[in-house]
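Note sheet for the following structure.
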Amino acid sequence: MTAHAAALAAADAPAPVDRSPGALGWPVTAALRALAMDGVEQAKSGHPGAPMGMAEIAAVLWREHLRHNPADPSWPDRDRFVLSNGHGSMLIYALLHLTGYDLPIAELKRFRQLHSRTPGHPELGMTPGVETTTGPLGQGLANAVGMAIAEKTLAAQFNRPGLSIVDHRTFVFLGDGCLMEGVSHEACSLAGRLGLGKLVAFYDDNGISIDGKVEEWFPDDTPARFAAYGWHVIRNVDGHDPAMLRDAVEAALSETGKPTLICCKTTIGRGAPTKEGHQDTHGAPLGAEEIARTRAAMGWDHAPFEVPEDIYALWDARRSGAARQSAWDARMEAYERAYPAEAAEFRRRLKGDLSPAFAATYAAALKATVEKAETVATRKASQLALAALAPAVPEFLGGSADLAHSNLTTFPGAVPITRDPAGNQIFYGVREFGMSAIANGIALHGGFIPFVATFLVFSDYARNAMRMSALMGQRVIYILTHDSIGLGEDGPTHQPVEHVESLRLIPNLDVWRPADTVETLAAWHAALTRTNGPSAFILSRQNLPCWPRDAAQIEGIEAGAYVLRESEGLARAVLVATGSEVKLAAAAADLLDTAGIPTRIVSMPCRERFEALTETERAALFPKGVPVVAVEAGVTRGWRGLSGTRADGIIAIGIDRFGESAPEKDLWPLFGFTPEAVADAVRRAVG
């Protein structure tokens, strides 16, 4: 070949691929981008843009700083990692696979397929290493705040000089969408106030969302916003420069008094020659042609889902993770020798078991509650239950959305964490959504049983976080007071009508509407002993009488429904009621008994538990052919279709319109909630 021909051939040859850190050809990030592209392409749906844009951020964090052990995803002192922008799920699946978790390549090939371990958005319990279910934007960030609160509080409660058994960080990835959601304001404002120095957030500032360039609708000065919250803000980090990222992470780790936001300027879909930086990469496959071009640009000449062993070796965290956990195990053993009682308590709380003292404490509280038979509002009954049970539940970490003295969530021994880092009470401020999503993070972290509180009518603000509690099966307790038109003068803006029925629509959420002090205490017992889902308490503002019961009836409370008062003679009708309307049902039954219509009263504090009973158990409450009249101060639709009764049909007395502003005494008769009106409905049903 002549010199001229050789020069021409050299000019036509592809340029050598730069494989240095930060370059497209860096094998560490090329593997992440390739797996993200391949997974979305094979599924024919998904979001490749964020994983491709955050590859360098992920590489620096996961390879150099994240303390975790792929062989034991539940190691108590692991760092927590949350992908708040959960649509970019192929990023976390690729990270978990490459670092050595039990997530084989076959599962990445089944991305978004039925019964795979790689669902469209990360789901708790589906994939080892996934700390929380994310997808509803902003909530992962709030979960991370909750995890950081739990870490800080647990450390204050259990660490001893020279023996720190709780010492880990919470890292969270988030995007523009997370920051546009209001829950991010609620959670991050509180995080700054609480000085969560072990919380580090990475902001993927790529300027793109589904509709295009976010500058048209999200021009906020995000760094200034977070500085105002009291965060440590690291600005203008090139999200594709490993050296800058490394410096930023080290600066974040050196800040112990404030949470840190690292603002990373990135390009969505980085590496895709014709699509990077464009909204098309956000939520759709790149296509075979674009993927081929991207592979060429990265110098990635491997087949789809193929990763060479030498690149796996660059990612493998099993040895370093095992060493870190081994060091913690040694520290834990020393702690057990020095503080055996505290060590046993620590392990119990992380396991989620109730204390050995709980059963006896509850039994004593139940005996006292039955004997006192106090006439109080059920919100007060809840406070009494808290006070009685709290000494045996040191893992309580609860609070209210600026309504502690209305929801009655304070109790003897409640200490705000702002005054004592080892406390057990959180003043959340008016942040219902943030409060509830933070509580999910506290529950997910382990070591605590969170409870939160607001007015029932404002549960709408918290609803999606409540749904996430149920979806993830987390033991979070929601105290929702001022439950009906019974709160009176505040009017329809504050009088819940549809809310109880709406909450009952959420799968795996136990909704309790107790009638008195005994049912309220039993509801607390049921919620605390339930480990696979949340519970909501619907509580009255007005005082309610305490009903006499025998042991079998008390046991029936936690079954969800039971005969509170049997008819004199064979029942010709059944009145079923909840909460404050049990009192009304009893008064109506008195009128009916006098009129020669024997009427059974069934109290149904938890419809979800009633519906879980066997057909035989349900039939024992509602005999076949006996008319049933349901009474509840809310919408009637759910009662009309109540499953499990053997009645031919149910007549529901409720409120199917909004309330009125007036004294309570004027509202009940206005809406037909009188003994006479209920008795008349039963008479019509009996015929």
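Note: Cβ is positioned from N, Cα and C throughout, glycine not excepted.
If you look up Swiss-Prot, you'll see Glu432 marked as active site, proton donor, on the strength of similarity to another entry. Spatially close to Glu432 (active site, proton donor) yet at least six residues away along the chain are Ala401, Thr454, Phe458, Ser459, Tyr461, Ala462, judged by Cβ distances under 8 angstroms.
If you look up Swiss-Prot, you'll see His47, His282, Arg379, Ser406, His482, Asp490, His494, Arg541 marked as substrate binding site, on the strength of similarity to another entry. DSSP assigns His494 (substrate binding site) to coil, not to a helix or a strand. For His494 (substrate binding site), the number of other Cβ atoms no farther than 10 Å from its own Cβ, over all displayed protein chains, is 17.
What Swiss-Prot records for His87, Gly135, Pro136, Leu137, Gly177, Asn206, His282, Phe458 is thiamine diphosphate binding site. In the three-state DSSP assignment, the secondary structure recorded for Asn206 (thiamine diphosphate binding site) is coil.
There are 21 other Cβ atoms within 10 Å of the Cβ belonging to Asp176 (Mg(2+) binding site). According to DSSP, Asp176 (Mg(2+) binding site) is assigned to a helical segment. The annotation Mg(2+) binding site is assigned in Swiss-Prot to Asp176, Asn206, Ile208.
Under the DSSP three-state reduction, His47 (substrate binding site) is assigned to coil, being neither helix nor strand. Taken from Swiss-Prot, the feature site 'Important for catalytic activity' applies to His47 (among others).
Among the features that Swiss-Prot reports, site 'Important for catalytic activity' is placed at His282 (among others), with the record citing similarity to another entry. Close to His282 (substrate binding site) in the fold, though at least 6 residues off in sequence, lie His47, Gly49, Ala50, Ile208, Ser209, Ile210, Ile268, Gly269, each with a CB less than 8 Å from its CB.
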Legend entry - Listed binding-site residues among Asp176, Ser406, Asp490, Arg541 whose Cα sits within 10 Å of Asn206 (thiamine diphosphate binding site): Asp176
Inset, instruction - Out of Arg379, His482, Asp490, His494, Arg541, point to the one nearest Gly177 (thiamine diphosphate binding site) in space (Cα versus Cα); all of them are binding-site residues in the record. - result: His494
Legend entry - 8 Å Cβ shell about Asp176, Asn206, Ile208 centroid, Mg(2+) site members excluded: Gly53, Gly175, Asp204, Asp205, Gly207, Ser209, Val214, Thr266, Ile268, His282
Inset, instruction - Work through the binding-site residues one by one (Asn206, Ser406) and point out the residue whose CB has the fewest other CB atoms within 10 angstroms. - result: Ser406
Inset, instruction - Could you check the binding-site residues Leu137, Ile208 and say which one's CB has the most other CB atoms within 10 Å? - result: Ile208
Inset, instruction - Could you round the CA separation between Arg379 (substrate binding site) and Pro136 (thiamine diphosphate binding site) to a whole angstrom and send it over? - result: 31
Legend entry - Distance in Å spanning the most remote Cα pair of His47, His282, Arg379, Ser406, His482, Asp490, His494, Arg541, given for substrate: 48
Legend entry - By Cα-Cα distance, the member of binding-site residues Asp176, Ser406, His482, Asp490, Arg541 nearest Leu137 (thiamine diphosphate binding site): Asp176
